[in-house]
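Peer 1: Annotations for this protein, taken from TrEMBL, read as follows:
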{"type": "BINDING", "residues": "T8, K9, N10, E11, G12, K13, S71, F152, G153, Y154, D155, K175, H180, R181", "note": "substrate binding site"}
{"type": "BINDING", "residues": "D70", "note": "Mg(2+) binding site"}
{"type": "ACT_SITE", "residues": "D70", "note": "active site, proton acceptor"}
Amino acid sequence: MTTILIATKNEGKAKEFKAFFGPKGFKVKTLNEMDELPDIIENGKTFTENALIKAQTLTDKLKMTVLADDSGLMVDALDGAPGIFSARYAGDHDDAANNAKLLRELKGLPLSKRTATFHTSLAVTSVSKEPLIVAGNVKGLILDKQRGADGFGYDPLFYIPELDKTFAELTPIEKNKVSHRGKAVQVLSENFDDWWER
Ligand SMILES: O=P(O)(O)OP(=O)(O)OP(=O)(O)OC[C@H]1O[C@@H](n2cnc3c(O)ncnc32)[C@H](O)[C@@H]1O
Ligand SMILES: [Mg+2]
């Protein structure tokens with residue numbers, strides 16, 4: 001049985017990928033189950049570069065098949081910020097502080113000018129294979145106050161007009177149907193088997 005290492009400590013994310021790779025006959029592990037990890041310096045300029053750095057560093061050191069993802073929020077009125085710095089926008093990895101900073105930065109701007117995109121890049125690497133890279137995007141609006149209690153990160157501010165809901169008002173299944181990560185996993189599912197057999 002081939003093991004695939006999901007390059008995250010976030011068990012919520014890992015669960016989504018387990019649901020995808022388990023039925024394909026892979027044993028799925030996360031970083032929480034590894035004793036020794038190499039230092040990974042995520043110094044890429046794009047989501048894709050960072051996902052690839054993470055995945056390839058782990059494949060090279062551990063000789064395993066690895067999936068890494070890198071995601072974030074790009075706000076048009078802020079020239080794409082927080083972008084690759086989404087996790088630590090307000091300093092620490094603190095969702096409440098990040099959301100508060102985003103609200104401050106957009107203060108007074110009408111809803112029509114608060115357009116934003118969530119992005120996910122996924123990189124899968126394996127010994128002696130070219131990496132497989134896919135991505136997913138979703139567009140929405142940044143509300144001027146939080147709505148909903150589910151999800152994580154910027155979910156309570158990220159509003160989908162067509163659904164009249166924020167990401168924090170969707171169940172995990174509903175969110176996966178429309179989210180950046182859900183779409184990237186969809187593209188992965190269309191390409192993975194061909195890539196694996198190549
Ligand atoms: O790299 P790992 O360890 O998995 O954790 P991370 O927090 O860096 O995770 P991401 O690269 O996926 O995302 C970076 C930040 O972007 C935000 N973000 C990403 N996906 C999100 C989502 O679906 N909903 C809300 N916020 C999200 C959130 O603030 C994340 O901390
Ligand atoms: Mg990240």
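Placement of Cβ uses the backbone N, Cα and C atoms for every residue, glycine included.
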Peer 1: Tell me, by DSSP, whether N10 (substrate binding site) is helix, strand or coil?
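Peer 2: Looking at the DSSP assignment, N10 (substrate binding site) belongs to neither helix nor strand, so coil.
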Peer 1: Let me make sure I understand the span of the substrate site: among T8, K9, N10, E11, G12, K13, S71, F152, G153, Y154, D155, K175, H180, R181, what is the greatest distance between any two Cα atoms, in Å?
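Peer 2: That value is 21 Å for the farthest Cα pair.
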Peer 1: For the binding-site residues G12, G153, which Cβ has the most other Cβ atoms within 10 Å, all shown protein chains included?
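Peer 2: Ranked by Cβ atoms within 10 Å, first place goes to G153.
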Peer 1: Given the binding-site residues D70, D155, which one has the fewest other C-beta atoms within 10 angstroms of its C-beta?
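Peer 2: It is D155 that, of the binding-site residues D70, D155, has the fewest other Cβ atoms within 10 Å.
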Peer 1: What does DSSP assign G153 (substrate binding site), in three states?
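Peer 2: Note: G153 (substrate binding site) is coil by DSSP, not helix or strand.
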Peer 1: Taking the Cβ of H180 (substrate binding site) as the centre, count every other Cβ atom within 10 Å, in any protein chain shown.
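Peer 2: There are 25 of them.
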